[in-house]
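To start, the structure itself, in structure tokens.
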């Protein structure tokens, strides 16, 4: 059983705020989904720890500098910026 | 009263001196206007993917080889999830359960080995500036490659902690993978500390002091924290396991834990990157690339060249210095002369660690070698060697350009006798003083002779001759 | 089913129609009819017209056209397009304009593909009906009281509604095949690594794969050949293995072994089952050999998929904090509250649910029971498919256990909705290629789809088998919707 407290703890890790009204519904949903996920508990997997899906290895890049993006571009989508920085104002 | 023993382990972060970041091709150059060393990948734009810099893997393996680690033949990257504005993807790509290197050690001068648990690669975060009512975020450092070296809790004193860190610094600089500048943040460490009653085995509860960025701060923070823990233990209170920071102003450590900071990093394999496989060939290739390490080098200088320990340590401080020393002392009779030239004269012209590290001097090692060989061959004397070296340091000229044939090979006995007679004649007062029992007066006459022979004469010989002539 | 792409290219090359005329026809049809199906969330007429003019110049100069040159098409709204807003149909990305191109869009632009606009999808590709889109769902062109499917519902709706010749979608757990099936189209989910993911806004990185939705198998093959290129920017990229798939479409499939795993048929609707059985007969008549076997581990597919995909999603979606791009909350007391409020206001319910599930299965204390176990089972499923492909060349299965459902059907019960993905997710778990193609209609006249599943990088094999079926059955399993451009 997933408890209210666990939901709040997970929500905090995921940086989501959960209102008291949402909490009941979310807890119910999560219990349903976790219950469904629990069906895997009946399985005893034979395969050892799964590696990456396409079996590739050593995809490397050479250490050669490519010019960075124009700062205007980098900051273009930021809601708030100042003096070349991304800015998070203290409060709004 | 119980005596307590320190149990301490270090987690050291070292920025690798690659040209580009770990997962994109932006420069790693220090400084630059905010957010000018950035691209879609290192600011974590949606849809971007990381691509691992090959040199980061090579450098980390070199670090492992230089610290006696086992190199993992199969390794992978993991995501460490946490939300903070300096981390644009909300996860740091790091290594969790399959680090590139493990089970190494670093030996201290007291013979104790500090074991290394692991060395792994990861990305640095961006920089936050808190000012004018807001958080300003600069991602230039975001994605710069780091290695994290984790030691076992084998350190037992502040001095050992300092020496361990110095040794790491020395080794990493030597193998050329990092400049390890604590003041610029390219080397920083977290210190794990617990205290236990002397003679007991069991570890006490530890605290972790984050982000030490100078040796001095580390020593002070450790000293404070050790005393704080001893006080708690002695008064029967428990040490709380927590993260602390060093407060420079008040010279103390303080708890960092905020209420909402319950960390659960939810590590899992980075699906955007593939397995890292390290072959024997790669390891052997990198082993061959590795220079002789400073500790071994210093020992060799002492044993083979007869250098005193202090000299040997000074000459193995930086890779360029030792390379210079070895080139300059090639085939000379007494390498100590080369050591003296470097430590006495050349070092005095280099101010600060940076200058020593770059070791940009006008005299080529070949020219210093040629100069010392002149001494070896008896063609010049020590004082001429010294004055010539000064001129070489000023001008960068070869000794052959500064010392003429005339200057070499000593002075003809007839000419020397004439010079002595002349000096005696020119210094009657000194002569009578000497005859009156003032032995020191002879120095003045000697000086005159040396000046007249432009330093080529052998001072001992001149002194003998002068005494003979005066007494006659 | 003939190739629309080939036909239009020939018409342009022979001067029957100019690219500009063709493009304008589509743009006008979009203006008029998109409101019926809500397929597009953004049109890009300037880009389209500019490209069309370039293509016409090229035709005038007598240069031969590239396979996709001048063909009007669309991209799902999770494929990054430089200078063109890309939102994943989420409030949290409204206003976000990428400063770089997804590799697939780079490849298509080099061929002068004519981008008509960006199409609707479930928010962050999380859903099976397109209804979690912040723009409202795309509707089924065959019956606008029903969903187009999801998550690439907009692409299927646009292509099925004749408002684009083809489109690129993404398939994490069935998001190309399921809407293709619902809209009577061909949808190809390539082998993991065949098409670069660079620029595809991630849902679940080890499952996501870009692929085409088209009106015919040959069109899917043409688009696949164009986009399955190794990309150095994507570490998991391998590109196409072997010759262009277009070259082998016409090969005979006599003697091919087609495998049927019984578990795929558990709980599927009768009419869907019947259509598939008919298709099996068609294959037998083409000289294929049918092999039946069990794949018991398939029953774990759904929970394994939801655990692993949500775990990856919870991490992939951590970056939406309002600082660098996208939506930012208007009022907050401190930085932590800013991030929490931005995310809570910006993400829809289903996305939040999956982020929470993903966070839960990765968190201390639950990792071993869920994430690790699911990862092990994933390994077992990979192996089960390896074994299956020892027994056969291609596997045949339904794409979805039902046909397009009515609007608001999925809103009620999360788990029941997840069950609709039961036939599509195994392929994503194992990283295999699969193509969905129409194989009949239900009583209400809604298209039924079937999927052909191949071994890794065997796109040629499944497309060959699909094309042979399509050729054999003729046009009676296909029906174009009564709307859009019908040239």
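The backbone N, Cα and C atoms fix where each Cβ goes, glycine too.
Just so you know, TrEMBL annotations are computer predictions that nobody has curated.
In the three-state DSSP scheme, residue C:76 (active site, charge relay system) falls into the strand class. Around the Cβ of residue C:76 (active site, charge relay system), 31 further Cβ atoms fall within 10 Å across all displayed protein chains. Per TrEMBL, active site, charge relay system is recorded for C:76 (among others).
The active site, charge relay system annotation in TrEMBL covers C:151 (among others). Shown in sequence order, C:121, C:122, C:125, C:126, C:127, C:128, C:130, C:169, C:170, C:172, C:175, C:179 are the residues of the chain, 6+ apart in sequence, with a C-beta less than 8 angstroms from the C-beta of residue C:151 (active site, charge relay system).
Classification of residue C:175 (active site, acyl-ester intermediate) by DSSP places it in coil, neither helical nor stranded. According to TrEMBL, the feature active site, acyl-ester intermediate maps to C:175.
On the 0 to 100 pLDDT scale, the model's mean across the domain 'Amidase' (C:21-463) is 96. Marked as domain 'Amidase' by TrEMBL: C:21-463.
Of all the Cβ atoms in the protein chains shown, 37 others lie within 10 Å of the Cβ of residue C:175 (active site, acyl-ester intermediate).
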